[in-house]
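Some features that TrEMBL has for this protein:
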DOMAIN    53-278  domain 'Ion transport'
DOMAIN    394-657  domain 'Ion transport'
TRANSMEM  45-63  transmembrane segment
TRANSMEM  122-143  transmembrane segment
TRANSMEM  180-202  transmembrane segment
TRANSMEM  253-275  transmembrane segment
TRANSMEM  391-413  transmembrane segment
TRANSMEM  425-444  transmembrane segment
TRANSMEM  465-484  transmembrane segment
TRANSMEM  504-527  transmembrane segment
TRANSMEM  539-559  transmembrane segment
TRANSMEM  632-654  transmembrane segment
Amino acid sequence: GAGTDNDLYINQAIVFIEDAIQYRSINHRVDSKSLWLYRWYYSRTCQWILSLTITVILALAFIEEPSSLTITSDVRYRLPAWNPPCGLTESVELLCFLVFVADVSVKSYLMGWKEFWKNKWLMAYILTLVVSLADWIVSLSFFCKESVRIRRILRPFFLLQNSSMMKKTLKSINSTLPEMASVLLLLAVHLSLFTMFAMLLFARTKDNQQDKEWVVYFRNLPDSLTSLLVLLTTANNPDVMIPAYSKNRAYSIFFILFTVLGNLFLMNLLTAIIYNQFRGYLLKSVQSSLFRRRLGIRAAFEVLSSLKETPASAQHVGAIVQVLQKAEMDSRCKQAIMRSLKMCSCDQLSAAQFQKLFEELDKDAIKQHPPSPEYQSHFMQKVQFAFGHPYFGYLGNVVALANIISICVVLVMDADKQPSERDDFFLGAINCFFILYYLLEMLLKILAMGLKRYLSYPSNRFDGLLTVILLILEIATFAVYGFPHPGWRPELMGLLSLWDMVRLVNMLIVFRFLRIIPNMKFMALVVTTLLDLVKNLRAFAGILVVVFYAFAITGIMLFKGAVVPLGNTSAANTTHDNGTLQCGTYEQLEYWPNNFDDFAAAVVTLWDVMVVNNWQVFLDAFSRYSSPWAKIYFVAWWLISSVIWVNLFVALLLENFIHKWDRRCQRESLSDIEYQRTVELMFRDVLEEPTEEELMEKLHQHPHLHLCR
């Protein structure tokens with residue numbers, strides 16, 4: 001009947017609005033049962049279960065063999081790790097696979113058979129599950145003793161396919177690769193030419209004393225390539241130059257020329273190309289997100305236009321209100337749209353008016369702070385004015401600076417003293433004074449601003465939380481050790497010694513000094529840019545996690561157990577051996593904790609290589625301990641992490657900062673308003689609105705929605 005149809009249209013409109021809010025595709029089944037399943041699937045509970053499952057299956061790498069459950073990863077001192085019995089982690093893995101099977105089944109059903117064959121991500125999802133389950137069965141067949149587990153490398157795919165923004169970022173990176181490849185090819189030519197020049201320039205001679213450059217760095221082609229590749233990252237500069245430079249100062253020209261062309265020009269050119277190209281592709285990706293939002297809103301309008309009401313115009317606004325009340329959206333947006341509807345005098349909205357109504361979704365999120373309390377007493381009004389004034393905050397910053405300076409003075413004076421010689425009276429006394437001031441400042445601010453307004457500012461929450469923690473620590477110190485007095489050096493009592501308690505308090509005081517950031521406009525701009533990156537560019541972090549995970553698992557497969565400690569493991573012998581080891585080697589530098597014997601150690605080792613400081617040590621060590629071909633693994637990791645990912649991050653950091661810098665003059669500096677931006681809003685000013693024809697053409701291509709007009 002008409003009532004059933006109307007309910008269906010209302011539910012369709014609700015789902016389409018929710019799709020628009022989340023930038024989801026509307027190409028899914030739209031019958032009553034499918035809509036219920038669709039909303040259930042995208043509910044917070046289901047998505048939380050799916051996210052938890054992905055987290056659990058990724059975290060298994062820390063527990064399963066080789067386990068990371070040891071205090072140290074140093075091969076000299078590491079005790080045998082606890083490894084779970086066969087079947088324990090496999091059971092958890094099976095539960096995760098069952099959740100993924102349910103996930104892919106629901107997605108496939110909701111999408112429909114025709115759309116399923118077009119979706120490469122979904123087909124790859126099924127293939128990954130099939131391979132993982134087959135590998136899981138093989139593991140149990142071998143009683144978990146098999147050396148290679150293919151499914152562990154495939155696990156990051158579950159994280160990748162669950163994030164639409166991560167998929168878009170990956171697609172953008174893929175589109176940028178041709179431009180990056182041209183510069184990388186130029187880098188390869190640059191490296192090859194200079195390698196040949198180096199092998200000719202530093203060829204072996206009859207005088208062994210003059211051949212140090214050849215012996216250490218340019219003995220053969222692989223060593224020459226490696227030496228110059230590391231020099232490209234400046235990790236072995238000036239070490240690589242010194243033997244030749246000490247022989248003849250003219251040799252420095254070769255190394256300076258190589259570094260200037262490679263590091264200063266080509267590497268920075270790569271950053272510029274990545275910034276230019278990636279911004280363009282990310283812009284296209286965000287443009288498609290905007291199209292999805294407009295399409296979802298237009299689809300909601302079209303299905304609401306199909307409502308069988310008499311008269312239609314009298315109920316149209318009522319239907320919109322009904323949709324808004326049931327749709328899952330931010331309360332701020334919902335209230336703003338409701339206010340716009342009430343202000344609208346007409347009973348029926350056109351497509352343009354309906355679209356305009358939902359433009360609230362595209363605006364910056366604005367956080368209004370609650371009002372301050374209104375005191376009747378004249379004295380209280382003066383108190384409120386005095387302690388609510390910005391100058392009172394500035395006074396607090398000066399006091400915090402004085403606290404930091406006093407701590408620095410004490411630390412400098414006590415730097416060379418033994419713990420038994422230290423007198424903690426002065427430091428304890430000044431900490432007590434400053435913490436009492438911080439408590440008084442917090443209480444006076446709450447009195448002036450009111451608790452709700454005080455807590456609405458992140459800086460106040462940060463300030464207040466640290467003040468409360470400092471107060472609790474100070475009370476605990478007094479309860480255990482008594483009040484400060486000359487010669488205040490009691491023995492260890494409880495969990496922490498007095499010095500540990502004082503150090504902890506001082507670390508928190510130093511951390512609390514960050515409260516000055518909001519008062520310094522330029523610094524605040526930089527910090528808000530960084531916070532926006534943390535909040536909005538999770539896709540980049542996700543892709544880095546995927547790459548880290550895959551390389552760490554691969555590293556374990558290739559190099560597990562490769563690094564073996566030299567001789568006796570005692571500390572005395574190790575120290576003695578250092579004198580006979582070649583300077584700058586893995587063994588002499590005691591890099592033993594950096595290995596691939598478990599997942600946690602592998603991640604830290606990859607991080608150290610990504611930073612590129614002394615990464616030639618890893619190239620040399622793992623070439624010796626495993627195979628010369630190990631260099632390919634580390635160079636591949638350097639290319640993906642340091643060259644590509646770090647440059648992408650720099651590109652987005654620049655984009656975000658420039659955007660904020662350009663907009664800083666366009667807004668009034670109002671203390672009661674905080675703006676929060678998303679990656680879509682970052683490009684909002686340059687996005688193009690889709691036309692009416694484009695939207696209607698796309699709607700008529702919908703595989704499950706049949707419009708009346």
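Using the three backbone atoms N, Cα and C, a Cβ is placed for every residue, glycine included.
Listed by sequence, the residues of this chain that lie at least six past the ends of the transmembrane segment (180-202) yet keep a Cβ under 8 A from its Cβ atoms are 213-214, 217-218, 221, 224-225, 227-229, 232, 244, 251, 254, 258, 261-262, 266-267, 269-270, 273-274, 277, 639, 643-644.
In the predicted model, residues of the domain 'Ion transport' (394-657) average a pLDDT of 78.
Comparison of 122-143, 425-444, 465-484, 539-559, 632-654 by number of C-beta pairs under 8 angstroms to the transmembrane segment (253-275) places 632-654 first. Same-chain residues lying 6 or more positions outside the transmembrane segment (632-654) and placing a CB less than 8 Å from one of its CB atoms are 173, 180, 184, 229, 233, 267, 270-271, 274-275, 278-279, 282, 529, 533, 537, 540, 543-544, 547, 551, 554-555, 558, 606, 609-610, 612, 615, 618-619, 622.
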